[in-house]
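The next block holds one structure in the form of structure tokens; read it before the comments.
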Ligand SMILES: [Mg+2]
């Protein structure tokens with residue numbers, strides 16, 4: 001969209017989406033006070049969308065009688081707050097707070113246990129609405145995603161800023177929860193912007209103001225600077241992003257190695273990360289439905305082994321690893337059971353996935369007949385820390401080495417070149433009856 005002086009003075013109303021030519025307190029069309037105005041409004045394309053108090057909002061939608069009450073979602077095993085609604089937040093309740101403390105701060109709060117299945121379902125509905133705007137959607141959690149809207153103006157007939165505001169209204173109307181949006185030219189500042197004015201926020205950070213905006217912000221705002229690293233920086237006398245802006249790249253590299261590079265660039269509002277829909281998988285899994293129901297170890301173990309190898313191959317191919325192994329079973333009467341176990345270190349080895357899932361499976365073998373078996377790996381991460389040598393189980397280390405050797409052979413000579421004892425001659429018997437490889441399904 002060409003920049004003109006007229007553009008720089010333009011904004012729009014977030015309730016009726018009417019363009020606002022002049023700065024006025026309220027929309028001249030509908031009287032709403034929710035106007036957005038920014039010199040770069042119609043040039044920016046990178047968005048971050050975050051649902052407001054997601055679990056609590058979904059429950060308020062489903063229980064209108066709770067609308068004006070303080071609501072806490074949490075409890076369960078760990079006894080902490082998952083999400084607090086904004087009324088409870090005003091009273092001092094925070095995420096991850098122990099439940100007894102939350103109830104001290106807000107004794108009349110209504111507490112509901114999380115219904116993850118429902119939240120996942122609603123999260124997916126919202127995600128598919130995002131995917132209708134652009135194929136470049138990168139989910140970062142159940143209720144949060146980056147969207148790259150560049151090049152979509154012709155498709156939508158309006159610039160990304162309006163597409164985004166229209167989307168926020170549609171989610172409220174069709175799903176019944178609210179979102180906050182951040183619009184910028186890079187991921188870092190889009191995420192910062194969406195956090196700015198919640199709930200129902202819509203904030204814009206332009207390229208021209210980035211350095212000035214960041215100057216007085218705390219270093220903890222920088223992506224990747226957690227509590228521990230912020231403390232290190234503070235020990236070195238660095239508290240604000242402005243201080244980093246005045247430092248040389250070499251100095252930052254010398255002090256903080258690769259993190260120094262990130263600090264240097266992000267402090268200046270330079271973030272080259274692109275929106276990657278492919279890297280966004282929250283888990284990698286494989287499952288298969290049987291031709292006839294199965295119930296014994298001898299029947300199920302080889303299938304679990306084959307599925308573990310499939311998952312492992314995909315993890316290796318995508319250069320990711322995961323820390324939690326999840327087993328999925330569907331009984332003859334269509335009841336779904338999932339069991340999971342967290343590992344001490346992330347893995348991408350078939351052997352480790354199988355050895356972790358097998359005891360979970362064995363516990364379920366009580367004669368129940370199953371129609372589906374699946375295995376997956378969650379809590380994905382980069383592979384650097386995956387599969388450290390196991391000092392206690394040296395056999396596992398040896399098996400890991402063997403698996404690496406097999407991978408190399410398979411790479412060279414094709415998948416069928418090496419079959420392990422468990423899968424030998426089995427593969428064709430357990431071909432899925434329907435396409436069932438799913439990246440994000442359990
Ligand atoms: Mg959220």
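Cβ atoms here come from the backbone N, Cα and C positions, even for glycine.
Taken straight from TrEMBL:
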ACT_SITE  144  active site
BINDING   50, 143  Mg(2+) binding site
DOMAIN    46-226  domain 'UmuC'
SITE      55  site 'Substrate discrimination'
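Here the features listed in TrEMBL are placed on the structure.
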{"residue": "50", "record": "Mg(2+) binding site", "Cβ neighbours (10 Å)": "20"}
{"residue": "55", "record": "site 'Substrate discrimination'", "Cβ neighbours (10 Å)": "26"}
{"residue": "143", "record": "Mg(2+) binding site", "Cβ neighbours (10 Å)": "23"}
{"residue": "144", "record": "active site", "Cβ neighbours (10 Å)": "19"}
Residue 144 (active site) and residue 50 (Mg(2+) binding site), distance between Cα atoms, whole Å: 4
For residue 55 (site 'Substrate discrimination'): DSSP state (helix, strand, coil): helix
Model confidence over the domain 'UmuC' (46-226), averaged pLDDT: 94
DSSP-derived class (H/G/I helix, E/B strand, else coil) of residue 50 (Mg(2+) binding site): strand
Between residue 55 (site 'Substrate discrimination') and residue 144 (active site): CA-CA distance (Å): 13
Candidates near ligand 1 among the recorded positions 50, 55, 143, judged by a Cβ under 6 angstroms: 50, 143
For residue 143 (Mg(2+) binding site): DSSP state (helix, strand, coil): coil
Integer Å distance between the CA atoms belonging to residue 143 (Mg(2+) binding site) and residue 55 (site 'Substrate discrimination'): 9
